[in-house]
Amino acid sequence: MPDKVETTLMLIAAGEFSMGILGNVFIGLVNCMGWIKNRKITSIDLILTSLAISRICLLCIILLDCFILVLYPDVYTAGKQMRIIDFFWTLTNHLSVWFATCLSIFYFLKIANFYHPLFLWMKWRIDSMIPRILLGCLALSVFISLVVTENLNDDFRCCVKTKKKANVTVRCRVNKAQYASIKICLNLLTLLPFSVSLISFLLLILSLWRHNRQMKVSATGCRDFNVEAHVGAMKAVISFLLLFIAYYLAFLVATSSYFMPETELAVIIGELIALIYPSSHSFILILGSNKLRQASLTVLWKVEYILNRRNF
C-alpha cells in the first residue's frame, strides 16, 4: 500500500492529468468541430489537433506508469507489460516533441519576414507539406520506439525478478545500465527538434528586430499587427522550450531508476514534473489562439449562465 507521501503525490498527479486532459481535449474538439462544419481543416488546426491527441496519450501513459509503480510494482517484472508501457511512452514523447516543433516552424514561416529564396519557397509550400511532415514525424517516432522496446531484453526482465540473489545482482545492474544508456541516447534525438524550435525562436526575434527598425524609419504611428503576431508566436515557442527543458530533466530523473535501486519516490516526483509540460502548454496555446480563446470564453459564459439559472 502507498504511504501518505506517495498518496499525496498521486493526487497531485491526478490533478495535473485532469487539467491536461481538459485543455487538450478542448483543443481537439474545437478544431474537429470546425473541420466537420467547414469540411476542411487549416494547417495550423491540423498541427494543433495532432499535438493535442499526442499529449492526451502521453498524459495517460505517464499517469498509468505512475499508478502502476505505486500500486502494482510487480507488473514491472513481467516483460510484456513493461514493453507495452515503454513503447507507448517513447512514441507519445517523440510525437509530442516533433509536433510542437512543427508548430514552431509553421509560426516562423508564416509570420517572419525574410527574402531568402529558400525561405520564400518554404513559406509558399508549407501548407501542402504539413500533412506529409506530420506523417513523417509519426513514422520516425514509431521507429525509435521499436528500437527502444527491442533493447528491453529477457536478461533485463530476469534480473528484475531475481535481483536479491548475489550472483545475479551484478549482472542485473550491468544490463539495466546498458538498457538505460541506449534509451537515453535514443531520447537525445529529441534535442534535434528542440534545436530547430530554438533556431525558429531566434529567427523570429531577428525578424521582429528588423521589422521594428523598418517601422521606426517609416514612423506610421498605426497599430502594428505584425508585431503582435511576432510576439504571440514567440510566446508560444518560448513556453514550449522552457517547459520541454523541465520535462526532459524530469525524464532523466525517472530514467535514473534503472541505475539505482529503491528509487520509486524519485521516479514519481520526476513523472509529476513531467506532467506539467503536456498539461500547461495546452492552455498557453489556447490563450495564444484567437479562435481557441474565443471558444473558451464562449464555453465559460455558457457555464456561468447555466450556474446562475440554477441559483434562481
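Just so you know, glycine gets a Cβ as well, placed from its N, Cα and C.
Residues annotated as transmembrane segment in TrEMBL: 12-34 (among others).
Summarising the annotation, TrEMBL assigns domain 'G-protein coupled receptors family 1 profile' to 23-285. The average per-residue pLDDT of the prediction over the domain 'G-protein coupled receptors family 1 profile' (23-285) is 77, rounded to a whole number.
If you look up TrEMBL, you'll see 46-72 (among others) marked as transmembrane segment.
Positions annotated as transmembrane segment by TrEMBL: 87-109 (among others).
Residues or ranges marked as transmembrane segment by TrEMBL: 129-148 (among others).
For the transmembrane segment (188-209), same-chain residues at least 6 beyond its ends with a Cβ under 8 Å from one of its own Cβ atoms are 93-94, 97-98, 100-101, 104-105, 107-108, 111-114, 144, 227, 230-231, 233-234, 237-238, 240-241, 244, 248. What TrEMBL records for 188-209 (among others) is transmembrane segment.
For 236-259 (among others), the entry in TrEMBL reads transmembrane segment.
Under 8 Å from some Cβ of the transmembrane segment (265-287) lie the Cβ atoms of residues 5-6, 9-10, 12-13, 16-17, 19-20, 23-24, 26-27, 48, 51-52, 55, 58-59, 62-63, 65-66, 69-70, 96, 100, 235-236, 239-240, 243-244, 246-247, 249-254, 256-257, 293, 296, all in the same chain and six or more residues away from its ends. Annotation comment: TrEMBL describes 265-287 (among others) as transmembrane segment.
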